[in-house]
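What follows is one structure encoded as structure tokens, with my remarks underneath.
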């Protein structure tokens, strides 16, 4: 019995990669220094995985920004606008990631989307010229040879041709048709080069196979691989899937020329049933994904061994594997000195999951009952308390009307128009303002008890004053307090709710250099005291203009935390919804007229198969949001915000959230959502983000005016709000002020024309 992992976190034990790249962005280090830091990390990770006794060690899973972009660059799928900048390869790569504004030109970044049902974001490759598609990159070969120098025969990992093709945004059908042929030739050349290097195994990741596949999808997959697998020669190919099961294509895969199939037994609801129904091919190896790559709880060896025993009825050729990349979990529990051992023993981050794979291999390869098995089973005895009877009773007492807001949207809109007295095309921001070093230092000093609560509060109040003043000077219509007290929109609420646990160093990559530290939902959730009330009241006292109350919604708190596995996601979400509802009502009672409840991650846990959307998710996720705001008066305006997902196919459900205003990311996706909003007669007022805050470039007044005009061509002027596409926390003040001034100027200019 051997073991394997799909891929490993690349940010490093202490986010070394993030800091190395950011230094390069700030011109504080050279290209050579950045590449050396990256190589050092790769070597450290390979040695760590090797030391843990993993048999199939991945290479090419490392990335300076995003592995989808890496695959696109490998095959020269780079839009002409980036080629025309005439930058070197590294800076062209980062121009695609972040946009570019300088002496060589001014271009926006590639669109960013959620990676399937995770909180990782990938960059959408753009292809406007298929003629240039070819194997021009060498990253996959270089990194294989780096590992080889360490004495490691690695398994290069690459996004498969079918998934990559499905993720690319093509200019038109003609380009797409040519790209199909060119990309196939490029993959064939890749196979040839890997054969020249005498590579043993290549892992091709095809997560797109876990979606609902059409006949056309299956035909395309077969067309690609019937040709491609004829060119594998001595190279062994592992087809790796994750985030679901392969029900639409599994029987065909058994007949294919793949040497191994990687199946997910955590999220793949039908993976075991498919094997029980169709068996497994004698000429293939089963890479069994039984270590959860998306959650942090320790593996129960009894359950894993039971699964292996069942699988062995159908094949003896089994490799123990992770269910998906370990990118989605933190690096190691080694760095958690503050978390009580009664909790910590039940957690397994990436490094600990390597140990779990090693243990399981050893247990399966030994004849008598192994002490490793007994030690694992001991973990699950005497678990700390999780239940709160008051929370259970409150959930039980909920009635149908608790999930419905009255009066109707139409009636509320008239009442709010009279009450709020906002101009046409009201301008606002999404919530957070830049967090400078002194803001972070103040928060850290307070956490470490180096300053008093009074000093901490006074510092933040001064920052709020400055933030309100800046917004008033710019001329925004609806203000925010800036969120200087918050480290992260989910972690902050978790810290102030009962039922959550926190790590010191549990960082996970969200995109590029952005890392998040998800809280852990351990027990029943409740609010013991107001969370944002004092900050919102203080901010509102500073201005005659409306200052929004800012909250994070229950679905996002759930989706951006590591969830419990002992109760349903529905129950966890409703517990959080009741806690946030209490906060909403406190804000309203304090005179806060607009309350924003962000649901940035609404789409994240939406099942990948449409047949499961409602029964497994939307039927409880949308009502949970309704529960949060259903108790407010008609005159109180409820906003929500969503970002970096595809919403076109769930807009009716989003409308059913019954918010009064929704803002969403639209700038990177070229406002393509607006046509759908128009088509379904979306009732909610909308703020399609008019510029991309994830890029350092400052949009001009002309550019913003054109964007606003585009929006006005699609939607009624009474329905539109003008705002950036996301919070401004990660940007510098000079970029923010310049961009917002241009936003207000452009809006005023357009108002004069209406």
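Placed from the backbone N, Cα and C atoms, the Cβ positions cover glycine too.
According to Swiss-Prot:
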type	residues	note
ACT_SITE	694	active site, proton donor
BINDING	15, 16, 17, 18, 114, 514, 515, 560, 604	5-methyltetrahydropteroyltri-L-glutamate binding site
BINDING	430, 431, 432, 483, 598	L-homocysteine binding site
BINDING	430, 431, 432, 483, 598	L-methionine binding site
BINDING	641, 643, 665, 726	Zn(2+) binding site
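Nearest by CA distance to residue 483 (L-homocysteine binding site), out of the binding-site residues 15, 114, 665, 726, is 726. Classification of residue 515 (5-methyltetrahydropteroyltri-L-glutamate binding site) by DSSP places it within a strand. Here the candidates are the binding-site residues 432, 643, 726, and by Cα distance the one nearest residue 114 (5-methyltetrahydropteroyltri-L-glutamate binding site) turns out to be 643. When the CA atoms are compared, the recorded positions lying within 10 A of residue 641 (Zn(2+) binding site) are 430, 598, out of the candidates 430, 515, 598, 694. Taking the Cα atom of each, residue 431 (L-homocysteine binding site) and residue 515 (5-methyltetrahydropteroyltri-L-glutamate binding site) are about 19 angstrom apart. When the binding-site residues 15, 430, 432, 515, 604 are screened for a Cα within 10 A of the Cα of residue 694 (active site, proton donor), none qualifies. There are 24 other Cβ atoms within 10 Å of the Cβ belonging to residue 598 (L-homocysteine binding site).
Put simply, of the binding-site residues 430, 432, 598, 665, the one whose Cα is nearest the Cα of residue 515 (5-methyltetrahydropteroyltri-L-glutamate binding site) is 432. Within 8 Å of the centroid of the Cβ atoms of 430, 431, 432, 483, 598, where the record puts L-methionine, the same chain has further Cβ atoms from 429, 480, 489, 550, 596, 641, 727, 729. Residue pairs drawn from 15, 16, 17, 18, 114, 514, 515, 560, 604, the listed 5-methyltetrahydropteroyltri-L-glutamate binders, are separated by up to 27 Å at the Cα level. Taking the C-alpha positions, the distance from residue 598 (L-homocysteine binding site) to residue 726 (Zn(2+) binding site) comes to 11 Å. Each of the binding-site residues 483, 604, 665 was scored by other CB atoms within 10 A of its CB, and the lowest score goes to 604.
Distances between the Cα of residue 726 (Zn(2+) binding site) and those of the binding-site residues 15, 17, 430, 432, 604 are shortest for 430.
Sorted by the number of other CB atoms within 10 A, the recorded positions 15, 114, 641, 694 start with 15, the lowest.
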